[in-house]
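Colleague: According to TrEMBL, the feature divalent metal cation binding site maps to B:H109, B:H113, B:Y130, B:D293. Taken from TrEMBL, the feature substrate binding site applies to B:Y130, B:V131, B:S132, B:G133, B:G134, B:D162, B:G177, B:E181, B:N265. The domain 'Gcp-like' feature in TrEMBL is assigned to B:30-299.
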Amino acid sequence: MTYEQPLSAATNATIRIKLFKNVKNVPHLRKQIISGALKCCIIKPNLIVDPFQIVVAANKALTANKMTTRTMFAEILFNLSISKNITQSLQKFGIDDNEKDIIVVVIDKGDFSDKVHEVYEQIKGEEVDILCLKDLTDLKEVKKAYKLSDTEYEKLSILDSVVSRIATKDCI
Amino acid sequence: MVIAIGFEGSANKLGIGIVKDGEVLSNCRRTYITPPGAGFLPRETAQHHRENILEVLKEALDEAKIYVKDIDVVCYTKGPGMGAPLASVAVVARTLAQLWNKPLLGVNHCIGHIEMGRLITGAENPTILYVSGGNTQVIAFSRNRYRIVGETIDIAVGNCLDRFARILKLSNAPSPGYNIEQLAKKGKKLISLPYCVKGMDVSFSGILTYMEERANQLLKDGYTKEDLCFSLQEHVFAMLIETSERALAHCNSKEVLIVGGVGCNERLQEMMDIMCKERDAKLFATDERFCIDNGVMIAHAGAEMFQSGTRMSWEDCTITQRYRTDAVVTTWRRE
Amino acid sequence: MEGFELLQQGAEARLYKGIYLGKPTLVKERFEKKYRHPDLDKHLTKERIKAESRAIIRCKSAGIETPTLYLVDFTKRCVYMEYFEHSITAKEFIKNASKDFIERLSYEIGVVLARMHSNNIIHGDLTTSNILLVNKSGKDDFMTNYSDLKVVLIDFGLAYIESSAEDKGVDLYVLERALVSIHNDPEKIFDLILEAYKSSYKKGHVEVLLKFEEVRARGRKRTMVG
């Protein structure tokens with residue numbers, strides 16, 4: 001149901017990724033995140049190929065010496081994008097008020113296990129198996145967003161190409 | 001027992017030396033030094049050699065305390081180098097060989113450096129970094145030749161340094177490289193410069209052009225001449241050490257020998273030593289008597305060739321501006 | 001490096017293997033070179049890491065299989081990338097595979113190199129140890145079914161982007177030398193590689209092969225200058 005993965009050993013953190021459909025209180029959740037009251041990252045599903053994509057972006061955020069954005073959660077959204085423009089990145093990968101299906105990401109540093117439930121309680125929607133993500137992915141949009149070439153899109157693993165772009169954003 | 005006399009004049013150093021079975025009997029030299037800001041050109045350099053060669057010859061013979069009849073072979077630099085200077089010295093060597101009725105051998109300048117380096121330092125089978133005004137090569141001995149494992153794809157490191165010295169109008173006495181070295185010791189700020197290593201090869205024209213275009217502005221911006229010299233050395237030497245290290249790893253060697261005029265530089269030697277210690281290898285280097293072009297190295301390499309049976313006809317005793325190190329079969333050294 | 005096993009130590013870097021983010025991972029940790037001024041060392045290492053990453057990404061754009069990158073850490077001078085557990089090097093493969101398989105591999109290498117060079121990517125260290133055959137089904141069988149295998153290029157530590165025919169020629173020359181020094185029938189293999197290279201790199205191959213012949217005739221890696 002939940003996708004869980006320990007991040008880099010030095011971070012002492014585990015990422016937990018859940019998928020929710022038909023969420024009724026998205027505008028409220030957004031306000032809560034911006035105010036800092038809700039400690040999670042909410043991602044639009046259409047540009048996510050596989051939860052591992054989020055793992056790589058989150059791992060990068062947690063292992064970085066210096067963040068570009070102001071919060072860890074904003075940093076995850078920023079890292080998912082190949083753009084160096086923060087606003088653009090947050091808009092592209094984050095949700096807007098009209099979104100019904102959302103990916104909820106929580107970073108558990110061991111001390112957080114109890115608070116995790118608090119996050120999920122706030123979401124007024126139906127939790128589905130994370131595997132259902134593949135039905136929500138828009139591969140054509142992914143190709144555009146990550147500037148994948150036609151050859152690459154046809155021949156290679158899209159997840160591998162996307163993840164590699166996330167990892168090397170600072171190298172280009 | 002072979003007594004050899006060697007004549008060297010491929011660039012601005014005129015050297016005549018006499019060696020007997022690996023023992024240096026005399027090593028005499030004159031350097032053609034141009035005013036600050038000017039480089040040496042072939043015609044004037046050849047003129048300098050012609051004007052001084054007989055005096056240097058007498059000096060070499062007197063110092064060695066030998067008679068002409070004791071000499072077994074006359075050796076001269078066949079190449080590589082500048083045409084007119086090479087020719088001016090070769091003519092004298094050929095004439096003397098005929099007058100004295102001695103065999104004549106044309107020696108490869110680079111091999112002269114290598115064999116002299118091996119003789120003086122005792123290095124057995126080193127990876128060789130040969131760096132001078134005219135040459136920059138990383139060399140490894142294999143299958144009877146000194147193989148060029150890496151080299152400059154444009155100008156030699158010494159040439160880069162010399163031309164930089166001209167931009168700063170540094171004195172050419174005793175040599176521009178020496179003066180850059182002294183200033184560099186007092187440099188503090190490191191300027192970021194182009195760094196160009198491609199595999200085992202290096203390129204210096206980029207960093208030189210960069211300096212040519214920006215030196216004046218950098219000096220205005222608050223960097224000193226010392227800072228510029230320091231930065232240039234740190235970059236070009238790092239490039240040389242990097243390619244040497246790759247060659248060392250590739251050839252599985254445990255010894256490094258630095259030869260050629262730029263090899264006198266203490267910072268280069270220090271950097272190479274650090275690299276060698278990290279790889280558990282040993283560094284060998286000579287001092288300015290033998291780093292800088294000299295006649296003894298030609299005599300010694302020639303003696304080795306002679307003793308192993310190499311002979312050259314008069315027709316073969318020409319000079320050539322391009323003469324690759326790996327073109328010579330090392331008859332005196334077999335694998 | 002905690003939790004990782006040291007695989008290899010070269011002149012430039014150490015290679016470690018382990019599980020990272022749930023995936024088999026190779027970590028390339030570049031050395032600090034103490035002979036260099038520290039600022040220069042930091043700068044160069046960062047540039048090298050960037051160049052290697054760029055070449056890998058560019059290969060993917062060209063449809064060439066390369067390791068997936070997971071994390072680039074400039075401070076620790078490390079790159080974390082995909083480790084291929086069910087793979088062998090082309091070097092090993094050629095020693096043991098059937099004639100037919102070797103022919104198919106040679107042809108495929110030619111096609112891949114053509115694609116690489118037409119995208120102006122210079123590998124810089126093309127040896128048969130830097131070409132992997134990976135079993136797509138996750139089995140350690142490389143001799144039964146060729147279509148189970150895919151060709152992956154690795155070790156882009158000396159790679160750079162360059163359009164010059166000479167650099168591409170040198171790239172091919174390095175591969176030829178590597179084949180000659182290790183394998184028994186290098187000419188046949190290399191001939192097939194070149195054949196595939198020619199038909200796949202329609203426009204560019206002529207100039208590249210001209211330069212390749214020049215470099216080969218001199219018996220050394222670069223056209224002599226000065």
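Think of each number as a place in line: the chain as shown, counted from 1.
Backbone N, Cα and C define each Cβ position, glycine as well.
Automatic prediction, not curation, is the source of TrEMBL annotations.
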Colleague: If I take the alpha carbons of B:H109 (divalent metal cation binding site) and B:G134 (substrate binding site), what is the distance between them in whole Å?
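Modeller: Computed Cα spacing between B:H109 (divalent metal cation binding site) and B:G134 (substrate binding site) is 11 Å.
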Colleague: Write out, in the order they occur in the sequence, the residues of the chain not among B:H109, B:H113, B:Y130, B:D293 that have a C-beta within 8 Å of the mean position of the C-beta atoms of the recorded divalent metal cation site.
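Modeller: The surrounding set, listed in chain order, is B:C110, B:G112, B:I114, B:S132, B:N135, B:V259, B:G260, B:G261, B:M297.
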Colleague: Can you tell me how many other Cβ atoms are located within 10 Å of the Cβ belonging to B:G134 (substrate binding site)?
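Modeller: So the Cβ neighbour count for B:G134 (substrate binding site) comes to 21.
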Colleague: State which of the following binding-site residues has the fewest other Cβ atoms within 10 Å around its Cβ: B:H109, B:H113.
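Modeller: Output over binding-site residues B:H109, B:H113: least Cβ neighbours within 10 Å is B:H109.
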Colleague: In sequence order, which same-chain residues at least six apart have a C-beta under 8 angstroms from B:G177 (substrate binding site)?
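Modeller: Long-range Cβ contacts: B:G133, B:G158, B:L161, B:D162, B:A165, B:G261, B:V262, B:C264, B:N265.
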Colleague: Quick check: in three-state DSSP terms, what is B:H109 (divalent metal cation binding site)?
Modeller: helix
Colleague: Over the domain 'Gcp-like' (B:30-299), what is the model's average pLDDT?
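Modeller: Mean pLDDT, the domain 'Gcp-like' (B:30-299): 96.
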Colleague: What Cα-Cα separation, expressed in whole Å, is found between B:D293 (divalent metal cation binding site) and B:S132 (substrate binding site)?
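Modeller: Between the Cα atoms of B:D293 (divalent metal cation binding site) and B:S132 (substrate binding site), the distance comes to 9 Å.
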Colleague: Checking the spread of the substrate site as listed (B:Y130, B:V131, B:S132, B:G133, B:G134, B:D162, B:G177, B:E181, B:N265): what is the longest Cα-Cα distance, in whole Å?
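Modeller: Greatest Cα-Cα span of the listed binding residues: 18 Å.
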Colleague: Please list residues from the chain of B:Y130 (divalent metal cation binding site) whose Cβ is under 8 angstroms from its Cβ, counting only those at least six apart in sequence.
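Modeller: Counting only residues 6 or more apart in sequence, the Cβ neighbours of B:Y130 (divalent metal cation binding site) under 8 Å are B:C110, B:H113, B:I114, B:T136, B:Q137, B:V138, B:I139, B:I258, B:V259, B:G260, B:G263, B:T325.
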Colleague: Restricting to the chain of B:S132 (substrate binding site) and a gap of 6 or more, list residues whose Cβ falls under 8 Å of its Cβ, or answer none.
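Modeller: Expected: B:A11, B:H113, B:A156, B:G158, B:G260, B:G261, B:V262, B:G263, B:D293.
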